[in-house]
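Engineer: Sharing a structure, written as structure tokens. Questions coming.
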Amino acid sequence: FFPPLVTGIVITTIGLTLMPVAARWAMGGNSRAADFGSMSNIGLAALTLVLVLLLSKIGSATISRLSILLAMVIGTVIAVFLGMADFSGVTQGPMFGFPTPFHFGMPTFHVAAIISMCIVVMVTLVETSADILAVGEIIDTKVDSKRLGNGLRADMLSSMFAPIFGSFTQSAFAQNVGLVAVTGVKSRFVVATGGLFLVVLGLLPFMGRVIAAVPTSVLGGAGIVLFGTVAASGIRTLSKVDYRNNMNLIIVATSIGFGMIPIAAPSFYDHFPSWFATIFHSGISSSAIMAILLNLAFNHFTAGNSDQQSVFVAGTERSLCFRDVSELRDGDYFKGGKLFDAQGREIPLVAEVSKKAAKPQTTEV
């Protein structure tokens, strides 16, 4: 169900759907604010972006991995001097706190609410699956059904306990996929340690107020790099897909197109049934669903045209005449008398024939 064709589509869509979030952050975050989209906000975001690029380029390996965090710290300090950050509210409120179980009262159960939540959870499961697959692709780790199931079970287990403490259904945070790609840090120990820090921070409202005071424009500058990296990782995965004599190109085009609909036209599904709008209102889930269904329809159920040819073919099948040595590309190699490209696909060797021949004969050497 999740070949490179599907995972590449999903990862690319994750990055593309997050870019509007980064853009809104760069503009100031609050569209009702008087300075939303001002040059000062966008300039601060651009400065943060430049800092990320400079630290990644000229810094050591350690500094390069910390480029996002360091750029955000420097950007926040600059914002303080420019009067664009307000930390006056940090000292207001308690230093320590513990969430009260069932703060909003004991749970009640209604059939309509349960059905609605089940639909929402299904969408969350699709998005979480996409995030798990994206991380696996970025760190070159195969995500099998067992690993994917473990991730979903952990997500749902935390979702069972979250409402007790007044939180929402838990979901994988797609923005962190870009962080893994940029830093290259993929250790589970680091992730677990980060989770422990988050638990501690959850008991320290003081630290929460510090983080909340970071200017949204600074987050926007860093977000452009993070989310763009996710999209680039998806494009890299799609480059491994074979587009010859199949429908893979149209699958990519249709799936990504569906994923972009909620971004380009947020009100597109307003007049659809509520259950349908809930599922497809998320660009990630709609793209993932379309990619899976189209991959099954065109690549697994081969009824009809066995060649799966279409007018959307990405390119003609590559062949090579004996005299066309100049056509060899980096990564091509011979094995067992046959020529293969860098992805291990055999390149047909076409015998030289007269230019008037209607169809050259293919021979193997």
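Here the Cβ of each residue, glycine as well, is placed from N, Cα and C on the backbone.
Predicted automatically and left uncurated, TrEMBL annotations should be read as such.
Per TrEMBL, transmembrane segment is recorded for 6-27, 39-60, 66-87, 108-126, 189-207, 213-235, 247-269, 275-298.
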Engineer: If we skip the immediate neighbours and take only residues 6+ beyond the ends of the transmembrane segment (247-269), which ones have a Cβ under 8 Å from one of its Cβ atoms?
Structural biologist: 5, 8-9, 12-13, 16-17, 20, 238, 241, 276-277, 280-284, 286-287, 290-291, 294-295, 298-299, 308, 310, 312-314
Engineer: Which range wins on Cβ pairs under 8 Å with the transmembrane segment (213-235): 6-27, 39-60, 108-126?
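Structural biologist: Between the candidates 6-27, 39-60, 108-126, the best contact partner of the transmembrane segment (213-235) is 6-27.
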Engineer: Under 8 Å between C-beta atoms and at least six residues away from its ends: which parts of the chain pack against the transmembrane segment (108-126)?
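Structural biologist: Contacts with the transmembrane segment (108-126): 152, 155-156, 159, 169, 171, 275, 278-279, 282, 284-285, 288-289.
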Engineer: Sequence-remote contacts (6 or more beyond its ends) of the transmembrane segment (39-60), Cβ cut-off under 8 Å?
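Structural biologist: Residues 25-28, 66-68, 70-72, 74-75, 78-79, 82, 84, 182, 215-218, 220-222, 224-225.
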